[in-house]
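Some features that Swiss-Prot has for this protein:
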type	residues	note
ACT_SITE	SER109	active site, phosphoserine intermediate
BINDING	GLY35, LEU36, SER37, GLY38, SER39, GLY40, LYS41, SER42	ATP binding site
Amino acid sequence: MALHDENVVWHSHPVTVAAREQLHGHRGVVLWFTGLSGSGKSTVAGALEEALHQRGVSTYLLDGDNVRYGLCRDLGFSDADRQENIRRVGEVASLMADAGLIVLTAFISPHRAERQLVKERVGHDRFIEIYVNTPLAICEQRDPKGLYKKARAGELRNFTGIDAIYEAPDSPQVHLNGEQLVTNLVSQLLDLLRRRDIIRS
């Protein structure tokens with residue numbers, strides 16, 4: 001479909017975002033976790049989602065590996081495919097936030113420009129960039145999927161942090177130390193969500 005196809009018209013709906021948020025009892029936002037492979041993005045995002053669920057908050061977690069089973073199954077790992085992967089995820093996350101959910105996304109998303117595009121699509125007031133900052137050496141020690149080992153051996157090309165660049169956020173809304181306990185990081189994030197009046201409990 002062309003970007004500006006004259007036959008495609010955006011339809012407004014009688015149920016507004018504000019009405020959906022009122023029903024859920026909290027705001028709809030996107031929590032965008034970014035960091036190297038093995039930094040703890042998925043672990044922290046999953047623990048935060050569990051904590052929010054226990055508090056009656058409506059959530060959904062979009063994980064980098066999981067979306068490639070369906071939504072992005074046709075994409076590889078070239079620069080163009082990675083950009084399209086993040087674009088699709090950003091679109092889905094934006095729709096879910098419109099539905100009043102707190103959407104957690106765990107993606108390396110190595111390029112600032114791509115993260116900025118998602119932020120603009122979602123809306124600056126509904127997008128929270130969370131940088132899980134974990135030293136490369138620690139990520140390599142963890143190496144939960146054995147990817148760093150393959151990259152170091154030359155068996156895996158264009159791997160972020162080894163032979164492909166990761167552009168750390170210049171000024172993320174949240175900067176987490178990935179070497180801290182997950183429980184501490186979740187507490188920090190819950191406090192942030194309360195301070196910003198995103199959740200009440």
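Heads up, the Cβ atoms here are built off N, Cα and C, so glycines get one too.
Under DSSP, SER42 (ATP binding site) is assigned to a helix (H, G or I) in the three-state scheme. For the binding-site residues GLY35, GLY38, GLY40, the greatest number of Cβ atoms within 10 Å around a candidate Cβ is found at GLY35. Most buried of the binding-site residues SER39, SER42, judged by other Cβ atoms within 10 Å, is SER39.
There are 25 other Cβ atoms within 10 Å of the Cβ belonging to SER37 (ATP binding site). For the binding-site residues GLY35, LEU36, SER42, a Cα-Cα cutoff of 10 angstroms around SER109 (active site, phosphoserine intermediate) retains GLY35, LEU36. All protein chains shown were included, and the count of other CB atoms within 10 Å of the CB of the residue listed as 'active site, phosphoserine intermediate' stands at 27. Compute the center of the Cβ atoms of GLY35, LEU36, SER37, GLY38, SER39, GLY40, LYS41, SER42, which mark the site for ATP; besides them, the chain residues with Cβ within 8 Å of that center are THR43, ALA106, ILE108, VAL132, THR134, CYS139, GLY178.
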